[in-house]
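Visitor: So TrEMBL says this about it:
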type	residues	note
BINDING	12, 13, 14, 27, 89, 209	substrate binding site
DOMAIN	18-209	domain 'Radical SAM core'
BINDING	31, 46, 49	[4Fe-4S] cluster binding site
BINDING	48, 49, 50, 91, 132, 133, 134, 172, 173, 174, 175	S-adenosyl-L-methionine binding site
BINDING	51	Mg(2+) binding site
Ligand SMILES: C[S@@+](CC[C@H](N)C(=O)[O-])C[C@H]1O[C@@H](n2cnc3c(N)ncnc32)[C@H](O)[C@@H]1O
Ligand SMILES: Nc1nc2[nH]cc(C(=O)O)c2c(=O)[nH]1
Ligand code: SF4
Ligand SMILES: [Mg+2]
């Protein structure tokens, strides 16, 4: 199948357990919880998104005819050496990521990570699963490597998720015009509930993508 990619870029993972790790980001176009149009934001299921994932016109974006072609484009961003790592995100990557693409990325030597809202099934073989639940949705993915909950989210309180089979649980402060206050609230919550660890979005303070 073909893939609609908003953008492809090389940066450091800025969030969660693998924060600081060099990675190629594969940002798929489209999401099942928001159209991506500002006019629809208030009525979307997910209303706080910090990302442009509309269309295929971002840096490195485009339509890729098949999995080997997209994997080659991902590999072209890797500088050589280290442990090649690709983070599949979006938009919602589970709308497009399939077994053929996971296999093609593995064939290029990449470890494959995914950032997902967890509402859709994933293909087998993904090496690192990060689920970020959204209030008002039902999780299809209830196990993985990290659960990264944006906080605060009325209707998605942390205690709703602690029974799930994730290796780590993170709270990431909601980035809106109150990010400082949300960060202090996360600090307080993690101190009182040490199952939860803080995830700060380091790329935003570093001024990198
Ligand atoms: C843009 S989403 C794309 C992947 C997938 N759709 C998801 O929601 O997990 C990537 C990550 O950014 C987080 N995120 C989105 N908007 C945010 C915001 N305003 N503040 C903090 N994190 C945010 C999401 O929760 C998710 O963990
Ligand atoms: N540096 C950096 N790290 C990230 N981790 C998850 C991101 C995402 O948007 O999925 C993201 C992103 O957009 N940039
Ligand atoms: S689910 Fe992810 S990509 Fe979709 S609108 Fe929410 S944060 Fe953005
Ligand atoms: Mg981001």
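Cβ coordinates are placed from backbone N, Cα and C, and glycine is handled just like the others.
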Visitor: For a Cβ distance below 6 Å to any atom of ligand 3, name the binding-site residues from 31, 46, 49, 50, 132, 175 that qualify, or say none.
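Guide: Close enough to ligand 3 are 31, 46, 49.
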Visitor: I'd like to know which of the binding-site residues listed (13, 48, 89) lie near ligand 2, counting only a CB under 6 Å away.
Guide: 13, 89
Visitor: Within its own chain, what residues at least 6 apart in sequence put their Cβ under 8 Å from the Cβ of residue 46 ([4Fe-4S] cluster binding site), listed in sequence order?
Guide: 31, 33, 34, 117, 134, 137
Visitor: List, in sequence order, the same-chain residues at least six positions removed whose CB sits under 8 Å from that of residue 12 (substrate binding site)?
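Guide: Long-range Cβ contacts: 19, 20, 21, 22, 23, 202, 203, 206, 208.
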Visitor: Using CB under 6 Å from any atom of ligand 1, narrow the binding-site residues 27, 48, 50, 51, 89 to the ones that qualify.
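Guide: List returned for ligand 1: 48, 50, 51, 89.
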Visitor: Residues other than 12, 13, 14, 27, 89, 209 within 8 Å, Cβ to Cβ centroid, of the substrate site?
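Guide: The surrounding set, listed in chain order, is 9, 11, 15, 23, 25, 87, 203.
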Visitor: Please give the S-adenosyl-L-methionine site's span as the largest CA-CA distance among 48, 49, 50, 91, 132, 133, 134, 172, 173, 174, 175, to the nearest whole angstrom.
Guide: 19
Visitor: Could you find out if DSSP has residue 12 (substrate binding site) as helix, strand or coil?
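Guide: Looking at the DSSP assignment, residue 12 (substrate binding site) belongs to a strand.
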Visitor: Within 10 Å of each Cβ, count the other Cβ atoms and name the one among the binding-site residues 31, 49 with the highest count.
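Guide: The largest 10 Å Cβ neighbour count belongs to 31.
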Visitor: At the level of the C-alpha atoms, what whole-angstrom distance separates residue 132 (S-adenosyl-L-methionine binding site) and residue 89 (substrate binding site)?
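Guide: Pair distance, Cα basis, whole Å: 11 Å.
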Visitor: For the binding-site residues listed here (13, 51, 89, 132), which one has the lowest count of neighbouring CB atoms within 10 Å of its own CB?
Guide: 51
Visitor: Could you state the whole-number distance in Å separating the C-alpha atoms of the residue listed as 'Mg(2+) binding site' and residue 14 (substrate binding site)?
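Guide: Between the alpha carbons of the residue listed as 'Mg(2+) binding site' and residue 14 (substrate binding site) there are 14 Å.
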Visitor: Measure from the CA atom of residue 89 (substrate binding site) to the CA atom of residue 48 (S-adenosyl-L-methionine binding site) and give the result in Å, rounded to a whole number.
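Guide: Residue 48 (S-adenosyl-L-methionine binding site) and residue 89 (substrate binding site) have their Cα atoms 16 Å apart.
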Visitor: Sorry to bug you, but what's the C-alpha spacing from residue 50 (S-adenosyl-L-methionine binding site) to residue 89 (substrate binding site), rounded to the closest Å?
Guide: 13
